[in-house]
Amino acid sequence: MSSDIKIKVQSFGRFLSNMVMPNIGAFIAWGIITALFIPTGWLPNETLAKLVGPMITYLLPLLIGYTGGKLVGGERGGVVGAITTMGVIVGADMPMFLGSMIAGPLGGYCIKKFDNWVDGKIKSGFEMLVNNFSAGIIGMILAILAFLGIGPAVEVLSKILAAGVNFMVAHDMLPLASIFVEPAKILFLNNAINHGIFSPLGIQQSHELGKSIFFLIEANPGPGMGVLLAYMFFGRGSAKQSAGGAAIIHFLGGIHEIYFPYVLMNPRLILAVILGGMTGVFTLTILNGGLVSPASPGSILAVLAMTPKGAYFANIAAIIAAMAVSFVVSAVLFKTSKVKERSDIEAATRRMHDMKAESKGASPLAAGNVTNDLSHVRKIIVACDAGMGSSAMGAGVLRKKVQDAGLSNISVTNSAINNLPPDVDLVITHRDLTERAMRQVPQAQHISLTNFLDSGLYTSLTERLVAAQRHIDNEVKVTDSLKDSFDDTNNNLFQLGADNIFLGRKAATKEEANSFAGEQLVKGGYVEPEYVQAMLDREKLTSTYLGESIAVPHGTIEAKDRVLKTGVVFCQYPEGVRFGEEEDEVARLVIGIAARNNEHIQVITSLTNALDDETVIERLAKTTSVDEVLALLNK
């Protein structure tokens, strides 16, 4: 499937599911009422059972129609979409779920086109009159057309589809649907399939029979659970270690996207989920299982909650059978696999991520259209197809890392791709969804991943964000860190001379490097000997490492009286000296400072300006020429 076709299919499926998913609560309410109060329910009640008919006939289709119209034409589109949907409902003798999916967007489209046509042409003072009457008149016309045309046409289409379904069920062909459903799920079409196709068919069948098998074709957690169990027993590396947690999230939380990377890293496992899905559907067909309403999310808890009286054995058996077959097939595939390196899910995830980036001419760290500049990033969104389970978990992992890194000015949230706001700075999506996200918000930077719980990617991103923030804060950080070392009483300019530059130094520890800088300040007549200890004491409080291979040691506020005159020494350590707790916090340039006023600001400004050019830092760290140092710092 080409990239454009896949994106179009995903977008269409997402549009269908977007009409249903916001209203899932209403479907669940209807399902619970049906399961409890109909004559065959748990608590039969003739009076309360009267809610069932009007809800499925009017409430649910109207909600879908309103939502579909709103997706296309905003609030006015929702109103006209609902009016149009009413025409479809009255024009047919069956629940109009498919009809509402046509009528709602049609109403939204028509009012949107009208609004665009009259934009700027309405005289002042007549806006409300035109808006109200246009919606009413267009809604009336569309309702009549829907009543006369769309309703009867959809009724005929629904009967044809129902006949096809009945034929498949009668001839035991329904399990073949898994051949298409399971691979489509891996392409993130699971919500589109479940809510865009199976839910409308299932609601109609449930209204007639009290339950529907369609609600468990895609939502059955068995096939995915079988794959994860196989990883737990026969997998290798971090894939085996992480499969247990993924299984809990998948089976109890209903987030099916969690197992997709495990299949993607070993594509042969698609066979396992297909056979598992077919087994589950076959079991449901034989034992007459099904649900009264969509199970969303597709967890075992939601499935049991939507199971009608008398269908528990069938549904549980279908889940167990699907899980068992998927597990056995996966185990056989694992045992016959000779590709050991693919057992590590993080390695596989990173490999696919890097290969996708490299195929587009980008570096692995810049998948999508990420630049090296993350300094402006303030809003990060982890996006998936529905904007719920998988992206919410990914956002949770990244948010904790960002918060732990102290990046309080960066927000991390999750969203559906279609709802990405225009002010987002960085978008993180699954690699199969990145192109859609890039079309939705082309101005943002984008990162692709294959596993929303890829801790390694989030850690790498956080480190880059920290480095970018440190780069911005360098000058402020220097000034703030030195506020306790000088007062602002003089304006004389301090000039860095050749006697203050020491190249080719070596030191085993930062204490040794700080002591040398302090001793040179003493020899230069800038400070009293006690100032050296004050520099060591200051380092114990917080590291004076600024990043970009630079450290700026100086004394404590109590030692300012030990400063005789402002002085700066430039010490070069080509092999580096570790200044921070992290292994990469290594300083090659150690700038010792003693100041009572702001005479040193010229040198500090030159240093912080140099941070903007990595080549300058590299030259300062490697040069053997004092004159070159002076030239670079006195630009």
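Here the Cβ of each residue, glycine as well, is placed from N, Cα and C on the backbone.
Annotation comment: Swiss-Prot describes 24-45 (among others) as transmembrane segment, evidence class similarity to another entry.
Nonlocal intrachain contacts for the transmembrane segment (50-70), taken as residues 6+ away from its ends with a CB within less than 8 angstroms of a stretch CB, comprise 18-20, 22-23, 26-27, 29-30, 33-34, 37-38, 77-82, 84-86, 88-89, 95-97, 99-101, 103-105, 107-108, 111, 203, 207. Annotation comment: Swiss-Prot describes 50-70 (among others) as transmembrane segment.
Summarising the annotation, Swiss-Prot assigns transmembrane segment to 134-155 (among others) and lists similarity to another entry as the type of evidence. Panel annotation: around the transmembrane segment (134-155), residues 76, 79-80, 83-94, 96, 98-99, 102-103, 106-107, 110-111, 114-115, 118 of the same chain, lying at least six beyond its termini, place a Cβ under 8 Å from a Cβ of the stretch.
Marked as transmembrane segment by Swiss-Prot on the basis of similarity to another entry: 165-185 (among others).
Summarising the annotation, Swiss-Prot assigns transmembrane segment to 273-292 (among others) and lists similarity to another entry as the type of evidence. Sequence-distant contacts of the transmembrane segment (273-292) (same chain, at least 6 residues past either end, Cβ-Cβ under 8 Å): 31, 34-35, 169, 172, 174-179, 181-183, 185-186, 202, 205-206, 209-217, 219-220, 222-224, 226-227, 263, 303, 306-308, 311, 313-315, 317-319, 321-327, 329.
When Cβ-Cβ distances below 8 Å are used as the criterion, the transmembrane segment (313-334) is approached by residues 216, 220-227, 229-231, 233-235, 266, 268-269, 271-273, 275-277, 279-281, 283-284, 287-291, 300, 303-304, 307 of the same chain, each at least six residues removed from its ends. As annotated by Swiss-Prot, transmembrane segment applies to 313-334 (among others).
Residues or ranges marked as domain 'PTS EIIB type-2' by Swiss-Prot on the basis of sequence analysis: 378-473.
DSSP assigns CYS384 (active site, phosphocysteine intermediate) to a strand segment in the three-state reduction. If you look up Swiss-Prot, you'll see CYS384 marked as active site, phosphocysteine intermediate.
With helix defined as DSSP H, G or I and strand as E or B, the domain 'PTS EIIA type-2' (494-635) counts 62 helix, 31 strand, 49 coil. Residues or ranges marked as domain 'PTS EIIA type-2' by Swiss-Prot: 494-635.
For HIS554 (active site, tele-phosphohistidine intermediate), the Cβ neighbour count at a 10 Å cut-off comes to 30, with all displayed protein chains included. Marked as active site, tele-phosphohistidine intermediate by Swiss-Prot on the basis of similarity to another entry: HIS554.
Among the features that Swiss-Prot reports, phosphohistidine is placed at HIS554.
Its Cβ placed at the centre, CYS384 (active site, phosphocysteine intermediate) has 27 other Cβ atoms within 10 Å. For the domain 'PTS EIIB type-2' (378-473), DSSP puts the residue distribution at 45 helix, 22 strand, 29 coil. Here CYS384 (active site, phosphocysteine intermediate) is positioned 49 angstrom away from HIS554 (active site, tele-phosphohistidine intermediate), judged by their C-alpha atoms. The domain 'PTS EIIA type-2' (494-635) scores a mean pLDDT of 81 in the predicted structure.
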